Amino acid sequence: MDTPLRVLLVDDEPGIRRVLETLIRDFGYEVQSAAGAAEALDLFTAHPFPLVVSDIRMPGMDGLALLQRVRSQSPDAQVIMITGHGDMDIAIDCLRLGAADFLVKPVNDDMLEHALKRAAERHTLREEVRRHTEHLEELVAARTRELLEAHRVAVVGETVACMAHTVKNLAAALEGSLFVLKQGLESGKRDYLEDGWAMLEEDIGRVRDKLIHLLHIGQDTALRESETDPTLPARDVVKRLEGRAAGLGVWLHFQDTSDEKDRSPVSLDAERLESCLLNLVGNALEAFPPPPLRPRQAEVRVSLVRTPDALTYHVRDNGTGLSAEAAERLRDGLFTTKKDGTGFGLLGTRKALLEMGGRLLWENLPESGALFRIVLPLGAEKERLRALLRAAAPSAAPSDGGSSHDGPAPDALPPDGLSPDGLPAKERIR
């Protein structure tokens, strides 16, 4: 390696620390050592290390806590844990928390060198992926600007940017799943194989969901409405995601606030609405922090409130809520050109709701978590908004070079984050 990778070595026993430090330096790495987890964390915070080798059992903060702190600060850091013969359960916990590898005392020189080499390769691979991704994002951003300047089709720019980020995230998830599978194949441990296979199945499901979102973004705008019980789309989504929620340790349920008259059929595109709810509920399930930081009872509640003028579907969670940055991106709407999009599925959701004459509202809850609402107008309000949408939709490009819009500009429609009558969402959500 041209420039030696930096390794942070953590062990409270001076003799072992000196031996390991000499070995790691002989392997061609630059080493800095710490006598405890607290000291190591200070060093890592001041200047993050790509590779960390740490003992598990140490006085004060142990290696498990150090692993979590390091991974929270730098998710790409490769952490190798050292354990005793009787600590195999703890070692497996370390792998579940993101450790790159673990070694058993007394540490074998060849195994240490192999573990470091493998961790270094993963670090180098991720750096290359990051560089290529950044280059791709720059190309996408440049092309998007050209499209926006030439055609004013901002939604294309948003779609392309979201696709780049989606591919990057899915690739990273698949890489992690394949690594666990590889660990199982190399070690012959069934637990690794089962965990890796489960992770891979989940990642493939995410790929499928993203492709469905892409189809929804690109499909024609013709609605397929039929008389439907308005509670059914919400109930079906909860039923479909119950298994996933249970696996994440989240209580997902449908809260029925309606009476019999609320279940009278209404004309709506149930398939498109269900897709929107599926995305919002899926996002809510993923919004919780890791178990040590999550609420005692992580909960996602879906409900329906019906009035003579609208159907309002609530998706409420008790997680960490929306950050200021996320809320700002949400307010940017479909026409944002920011590099960090609001999400591929959310883009399709907003497009579908716009076509149905609906709106997406959101806010942070006072106690904890976030509340998203889908508001679909009924009756005269539904027809009024549909008329505005038809007037705002671009017609075929005129042959005389004139404007391609004859109706009111899209600004005539209330933006997402506002209620259909233009009031801020926070004034409407109680």
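Heads up, the Cβ atoms here are built off N, Cα and C, so glycines get one too.
Worth saying up front: this structure is predicted, and the values here are computed from it rather than measured.
The compositional bias 'Low complexity' feature in TrEMBL is assigned to 392-423.
Annotation comment: TrEMBL describes 6-120 as domain 'Response regulatory'.
Under the heading domain 'Histidine kinase', TrEMBL lists 162-380.
As annotated by TrEMBL, 4-aspartylphosphate applies to Asp55. Neighbour list (Asp55 (4-aspartylphosphate), Cβ cut-off 8 Å, at least 6 residues apart, same chain): Val10, Asp11, Asp12, Glu13, Ile16, Gly63, Met81, Ile82, Thr83. In the three-state DSSP scheme, Asp55 (4-aspartylphosphate) is classed as strand.
The region 'Disordered' feature in TrEMBL is assigned to 392-430.
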Within the domain 'Response regulatory' (6-120) only, compute the mean pLDDT.
90
When secondary structure is assigned with DSSP, how many helix, strand and coil residues does the domain 'Response regulatory' (6-120) contain?
58 helix, 25 strand, 32 coil
